[in-house]
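Report on the following structure.
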Amino acid sequence: KEDLEYVTRNVCPIQSRTTTKKTPTQDWFLFFGYWTISSLNISNWQFPNTFLTQGLSVSQSMGIIVIGRLLISLFSTLIAWCGLTWHIGFTIQNRFSWGLRASYIPLLQRILLNFLWNAIQCWNGGRLAAVCLTAIWPSFAEMPEFLPDSMAAITTGYQFVGFIVFWTVSTPFLFIRPEKFKWPFRITSVYCGIGMLCMMTWALATAKGVGPLMTQGQNVPGGWRNSSWLMMAGINQMVGGIAAGITNSSDFGRYAKGPKHYVGGTVLSAWIVGVLVSFIGLVTTSASQKIYGEVYWNPPDLLMVMMDNGHGSSKARAGVFFLAFGFALTACFENICGNAVAGGIDLAGLFPHYIDIRRGAIITFAAAWICQPWQLINRAATFVSVLSSFSVFLSPIIGIMATDFLLLRRGKIRLSHLYRTHDTSYWFFHGINWRAIVAWPCGWAPTIGGLVLTAGGNTGGPQALYQLYYMAFLVGFFISASIFFALNKLFPVPGMGEYDEVDYYGTFTSRELAKWGVVPYDQMPIVDGDGGSESQVQETFDKKD
């Protein structure tokens, strides 16, 4: 009975073969849509601004984006490979690397990030909802203040109502199962993509050219922070900014029909679409500068200026509404999938017998009110900066995950051992793999000093600390990966490269069964006194809904 503490339907591998409770597998377009939603957002639109304001040229800024998006595609595929092969998500994936109990260390970090980023994304989406409401009712932006003085000092009633509307409208989408997001992804990605292209076309036609930003040359200040280090910092910022999304690649990758569907959809969208969105944002902002005389990188600000300069005409308001609605749709589904549903999966892994994925998603989404994003964004700038740099702690986890599965275990794991505490190679010492406990801090220790200095606005610290921080993602990844690999070679773990000979969870397709030489559970020969633990797990799995 002790074994059943770690197994329910919510955390078991998805069922690909069985006819009852079968989970539909997905083709490349689900993953194309997933990463397109992650690319068609305000942050990606604004990325060139980050690098141009540091003095880099347009070509250098776009070079950072091309390399950064390529690395995002690569790391995402590496982490998703376990889910593509064994149909498990992030929550369970860490059990064979950290141990069943120590796996709560990366899990709790992800839960914290999901709570906070969900709140911040809801607030950003609320700004877009406020633009939509203003386009319908122009007087909405001039509503009298109704907030208490403590809140009125940091936000406006106009923005707060937008947040309420966005949060309320997004809530029903929490009841869609992750594998059912194909059509929302299709509609949203096509709609928002066309909207961005229309916005760029309008700006170019109105400005009759691309504007001054596109011809900006390099203007990097002197000192050791030359263009090379700034480009390295930019690449690190791009990859690190989506590190939380990289860690949960298996959460959606496990639904794929096969690896080629995930890889194809990810490369096309995470890399190519991601680069195109940043380029469209750059061109649109540059042309808009030529039109209005000022630079507006933030789409909600630019849309409000477009509406004001249209003198409130119905045409201007209609155009702004449909553009803002496209951005808001993208923000909605990016937040639902990347934060709320991901948080639901993680909470289901933390409390498997009390919380399922849907309940966890609702809890994560409701926590936006507890986190008070209006406080985080307007008063806790340093905290948000640290939150954006949390990849310092996540990249070592990614390094451990990739090294253990791909190099040490050669892509082979025993699924049944992930859900029990005795007679298993994944229990280690009381559920803790000390090798991961040692390797993880070794990855972030060299870069934490640079994070503290940068977040505090200190520019006079040791040069080496800043340089290590500028490479934090890659440094953390490779240091933890190398140390974890060495410790496993010096102190080998039993059961490396082994996998179940029986498909206890009905997770493999007929092709996968043939590839691995695995016997379906219902065809397993009955032997007296054998298979007790696996039978208990299977019976519990069958009864749970």
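Yeah, the Cβs are placed from backbone N, Cα and C, and that goes for glycine too.
A TrEMBL annotation is a machine prediction, not a hand-curated record.
Features as listed in TrEMBL:
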- 28-47: transmembrane segment (TRANSMEM)
- 67-90: transmembrane segment (TRANSMEM)
- 111-137: transmembrane segment (TRANSMEM)
- 157-176: transmembrane segment (TRANSMEM)
- 188-207: transmembrane segment (TRANSMEM)
- 262-283: transmembrane segment (TRANSMEM)
- 320-348: transmembrane segment (TRANSMEM)
- 360-377: transmembrane segment (TRANSMEM)
- 383-408: transmembrane segment (TRANSMEM)
- 437-456: transmembrane segment (TRANSMEM)
- 468-487: transmembrane segment (TRANSMEM)
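The largest share of C-beta pairs under 8 angstroms with the transmembrane segment (320-348) comes from 360-377, of the ranges 360-377, 383-408, 468-487.
With a cut-off of 8 Å on Cβ pairs spaced 6 or more residues apart, the transmembrane segment (28-47) and the transmembrane segment (188-207) reach 3 or more such pairs and are scored as touching.
Sequence-distant residue pairs (6 or more apart) of the transmembrane segment (262-283) and the transmembrane segment (188-207) include at least 3 whose Cβ atoms are under 8 Å, placing the two stretches in contact. Residues 122-123, 125-131, 133-134, 140-141, 143-147, 151, 184, 328, 331-333, 335-336, 340-341, 358, 361-362, 365, 368, 373-374 of the same chain lie 6+ residues outside the transmembrane segment (157-176) yet bring a C-beta within less than 8 angstroms of a C-beta in it. Between the transmembrane segment (67-90) and the transmembrane segment (437-456), the number of CB pairs under 8 angstroms, six or more residues apart, is fewer than three, so the stretches are not in contact.
Sequence-remote contacts of a segment are chain residues at least 6 beyond its ends whose Cβ falls under 8 Å from one of its Cβ atoms, and for the transmembrane segment (383-408) they are 75, 78-79, 81-82, 93-94, 96-98, 106, 109, 113, 116-117, 120, 236, 239-241, 243-244, 246-247, 376-377, 436, 439-444, 447-448, 451, 454-455, 469, 472-481, 484-485, 488, 493, 496. Within the chain, the transmembrane segment (188-207) has long-range Cβ neighbours (under 8 A, six or more residues past its boundaries) at 32-33, 36-37, 40, 45, 273, 277, 280-281, 283-284, 287-288, 290-291, 319, 322-323, 326-327, 329-330, 332-333.
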